[in-house]
Amino acid sequence: MKQYLDLEKYVLENGTQKGDRTGTGTISTFGYQMRFDLQEGFPIMTTKRVPFKLVVSELLWFLHGDTNIRYLLQHNNNIWNEWAFERFVKSADYKGEDMTDFGLRAERDPAFKEVYQAEMEQFKTRILEDEGFANKYGELGNIYGKQWREWKTSQGETIDQLADVIEMIKTNPNSRRLIVSAWNPEDIPNMALPPCHSLFQFYVADGKLSCQLYQRSADIFLGVPFNIASYALLTHLIAREVGLDVGEFIHTMGDAHLYNNHIEQVKEQLSRTPHALPKLVLSDKPTTIFDFDVADISLDGYHPDPAIKAPISV
């Protein structure tokens, strides 16, 4: 997608070198927006393969209000493992090798990488096979799904923001309050990772549903391709339920950054030519967005270039 490649190029050419929480370092810009017309095809990278089923299972995990990686692992989705693992290795229950700064050390030290990978595999197996262990160490805190579906009020009640917004789209589509927020300051200290994609808003006009996302922190090479596909999919699912066509997905970013250890991968991607976008295919079986299974969602005509691997910064 040209919009995304333009973002990569802009940050490479105009970004500022900055330090960051992970110690990796970034090239960063502040305030950038991309627009995608969802009528023109499903916006997923074609200049590198994005594992769409992982996008689907993560979004369904959010929609279920789940915050435990066990569901993700049951669907062969490993994208949240590092944050749960980090909590475990910092606990008194962990008795293995020192895992301080495991992400950076695994990237730089092949011997340590083998130890880390073995510890991670043991951790994943325990999450899948030991429900008690999963309940304790598979939890990531009150992250996205919990805030979307069970925002806690000062009176001890809960608000299902997503269900409320869907109902409002049906009954009052001209509302300017079609907003869901994952940014709950009270819960931030207890989250494994504070929400990067923090708030989204819907807009109805001319029989079409559009969505704008505000993302406070945007990992351009690894995270943003998932975010684009995820929120485009969410827009399609809700539009289907409320009887609207899809309009635009607008992606607004705060700190949009390229990690220093992703620069060569970005240059490789920029050397590639985008292909035609695929079409989203949804099963007729589910009646609401909360009824979908992974098998109900697929892409037709997705023929991307090969994946480009890059390390994740934790």
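Backbone N, Cα and C define each Cβ position, glycine as well.
Positions annotated as dUMP binding site by Swiss-Prot: Arg21, Arg176, Arg177, Arg216, Ser217, Ala218, Asp219, Asn227, His257, Leu258, Tyr259. Around His257 (dUMP binding site), the same-chain residues at least 6 positions away in sequence with a Cβ under 8 Å from its Cβ are Val11, Gly15, Lys18, Asp20, Thr26, Ile27, Ser28, Thr29, Ser217, Ala218, Asp219, Ile220.
In the three-state DSSP reading, Cys196 (active site, nucleophile) counts as coil. Feature annotation from Swiss-Prot assigns active site, nucleophile to Cys196.
According to Swiss-Prot, the (6R)-5,10-methylene-5,6,7,8-tetrahydrofolate binding site annotation covers Asp219, Ser313. DSSP gives Ser313 ((6R)-5,10-methylene-5,6,7,8-tetrahydrofolate binding site) a coil state; it is part of no helix or strand.
If you count neighbouring Cβ atoms within 10 Å for each of the binding-site residues Ser217, Ser313, the highest count belongs to Ser313. Counted within 10 Å of its Cβ, the other Cβ atoms near Arg177 (dUMP binding site) come to 10, all protein chains included. Counting only the Cα atoms, the space from Cys196 (active site, nucleophile) to Ser313 ((6R)-5,10-methylene-5,6,7,8-tetrahydrofolate binding site) is about 14 angstrom. The distance from the Cα of Ser313 ((6R)-5,10-methylene-5,6,7,8-tetrahydrofolate binding site) to the Cα of Arg21 (dUMP binding site) comes to 9 Å.
Note: Tyr259 (dUMP binding site) has non-local neighbours Asp20, Thr22, Thr24, Gly25, Thr26, Asp219, Phe221, Ala310, Ser313, i.e. same-chain residues 6+ apart with C-beta under 8 A of its own C-beta.
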